[in-house]
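Copied from TrEMBL, the annotated features are:
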type	residues	note
TRANSMEM	23-43	transmembrane segment
TRANSMEM	49-67	transmembrane segment
BINDING	Glu108, Asp137	UDP-alpha-D-glucose binding site
ACT_SITE	Asp137	active site
BINDING	Lys281, Asp305	Mn(2+) binding site
ACT_SITE	Asp446	active site
TRANSMEM	518-536	transmembrane segment
TRANSMEM	556-579	transmembrane segment
TRANSMEM	591-612	transmembrane segment
TRANSMEM	648-671	transmembrane segment
TRANSMEM	683-704	transmembrane segment
Amino acid sequence: MESGEDYSLFETRKDKGRHIRRIYAISLFVAICFIWAYRLSHIPAYGKWAWLGLFAAELWSGFYWLFGQALRWNMLFRKTFINRLSERYENSLPRVDMFVFTADPIIEPPMMVINTVLSVMAYDYPAEKLSVYLSDDAGSDITFYALLEASTFAKHWVPFCKRFKVEPRSPAAYFNTLVSTNSHDHNHAKDLDAIKKLYVDMKRRIEDVVKLGGVPSEARSKHNGFSQWDSYYSRHDHDTILQILLHERNPHNSKDVDGFVLPTLVYMAREKRPQYHHNYKAGAINSLLRVSSRISNAKIILIIDCDMYSNHSQSVRDALCFFMDEEKGQEIAFVQFPQNFENLSKNDLYGNAISATVEVELHGADGYGGPLFIGTCCFHRRDALCGKKFNSQYKNEWNDENEKEVVKANLHELEVESKALASCSYEENTLWGKEIGAIYGCLVEDVITGLWIHSQGWKSIYYNPPRKAFFGIAPTNLLHTLVQQKRWGEGDFQILFTEYSPTWYGEGKINLGLLMGYWRFNYSATTCLPILYYSFIPSLYLLKAIPLFPKMSSPWFIPFAYVILGESSSTLIEGLISGGTIKGWWNDLRMWLYIRTSSYLFALIDIVWKFFGRSYSSFAVTTKIVEDDDVSQRYKNEVMEFGTSSPFFTVLATLALLHLFCLLATIKELVLCKVALTGEKMALQVLLCGFLVLINFPIYQGLFLRKDKGRLPSSHTIKSTTLALSACIFFKIWN
């Protein structure tokens, strides 16, 4: 009998540096407590309210810091053994359904969508057990045309990938890799040239259709699926459109050029009616859950966004190592892979790598029973996603006899029956969106769905493999990044006001550490208040030479210095260990500030207005491409992109100028020796203001130094300068 460790399909390793992390966390918390004590024991007679405001900011920041430390207290790392999986289960591997989601053919170009589809169709896995579903919430005939083209190209691409063990298996990514390395195996050069020509021809045809703005009648006549667009059609008012493009029940059209069956391929645009709320991506997930249960009914489901192509052909097998483990597999609801991005600049100008979350915090959540569901790159157990509670009697059963029953009907019958499952009225008076499937009622349906699954007794796994499993496209300008972060912050905070709030819904159902991990994200939007206060009030009080921090010779200066240096050092070390750079750490620090003083501010404002019935939050798809060559070049050169007017930029520019004016005024006073005696008392305040000026240098460039189209508009310069000067003058003369 093999030992448990040798027999398991995966191994778990604890963080080697956990003891150092814990000692550091305890020491830093002691320093934070000393800062609180200083504030309460040294309340001045003049500037009392500013002082108490700083205490409130430091108090909340300290508690919020504790939530983050909970995710660093018990980090776990996983390793899979796919060779053991193959030895035991190769002939009885379960079916896997893969859900790909798109919502806008302009923001999410059809070529990007089909590259993702092709990458998962070509997994190193029995093709007859794979089914790929594309949910198109735009109901675009162009996207459907692109998927038709992809279904034909797949007959060449899938066998090519398996024959030559291609990595990655997104055609665009693979061909880009060849260009960058300028090398490939000479033995398959002929096949490579042929497949590349097929891809280029397909790309040209799709791009021609995109330029036309619709599929021409000649192309429509070649496939009867387009008849569903011939009747009255509106993006927000149309019948269900569903087409099974490839299926083993149609052997004449479902085999590749080598004669092997291809994965099932299905297109779905669910019914839309103005009088029905479609619940965004959560609604699309639930529609596909029902449709796929009729067509393939796989026990494992991959949920992936259309901009996150598969970068590793073994990812399905990696996930199954967790689900099919004999000892612990039955309690696992989902396996979350990290989001990684292929278009990050060298030093990650906009902090889109979210390395603290991907490389640290999700590993920490894994230590308490599982990471959050982040909405993409995630393999789910169908039973858990469809509302089944976990108990000790639940057993893994991988016999697929029940799965095969669903394909006995002919394809036309399957399409007709499946369309009804994607209708607007199907969910009326049911538990869909409440206790079955993805949960409704929040902008971040993924987080709330993961919490609901955890509360049903299930656990989840975070797996961050050596070879990145998925690669996507990150925003390439500042505004798109800030808007995306606003949606995440707003959605996470909204959860606190729903029946699924972790505070009461998760209490007693999930580990306290995981509960604090959820709070870490739920309360992120509220951090705008202490950060804004801390970056606004100390700078203004420089104008009156009123100290708000201890002088450098005071023992009370030590905890402030320790917290500043300790946190700066720890984030720098985390960044470097994660493969980042010192400049990348600096950029990440800048984005940390920008997100909290703009994105989270507007998220909080929107939530407050919505509470009073004056605002309605809606889902926004972030642009995935760079259209302008100049914008692309500036991004490559790591020049921050503004280029348009936005309230986000008004806030950031006003704060940056306020810091600059306050620092210049203070330097002027120091030069004139008017504050020489109080210089030591003001040192920390001056350093804070100087840091804020230094980190805002890209904004000063955008306001005054740059001449390109990516600079801040002149209207922003005038508006922000006026607001910042007015604030300084008003505060200076106000007694």
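Placement of Cβ uses the backbone N, Cα and C atoms for every residue, glycine included.
Overlay of TrEMBL annotations on the structure.
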| residue | record | Cβ within 10 Å |
| --- | --- | --- |
| Glu108 | UDP-alpha-D-glucose binding site | 26 |
| Asp137 | UDP-alpha-D-glucose binding site | 23 |
| Lys281 | Mn(2+) binding site | 23 |
| Asp305 | Mn(2+) binding site | 24 |
| Asp446 | active site | 23 |
Ranking 49-67, 518-536, 556-579, 591-612, 683-704 by the number of C-beta pairs under 8 Å to the transmembrane segment (23-43), which range is first?
556-579
Considering only the binding-site residues Glu108, Asp137, Lys281, Asp305, which residue has the minimal Cα-Cα separation from Asp446 (active site)?
Lys281
Can you give me the Cα-Cα distance between Glu108 (UDP-alpha-D-glucose binding site) and Lys281 (Mn(2+) binding site) in Å, rounded to a whole number?
15
List, by number or range, the same-chain residues at least 6 past the transmembrane segment (591-612) whose CB is under 8 A from its CB atoms?
350-351, 478, 481-483, 485-487, 489-490, 493-494, 524-529, 531-532, 535, 647-648, 651-652, 655, 692, 695
Could you give the Cα-Cα distance between Lys281 (Mn(2+) binding site) and Asp137 (UDP-alpha-D-glucose binding site), in whole Å?
8
If I take the alpha carbons of Asp137 (UDP-alpha-D-glucose binding site) and Asp305 (Mn(2+) binding site), what is the distance between them in whole Å?
12
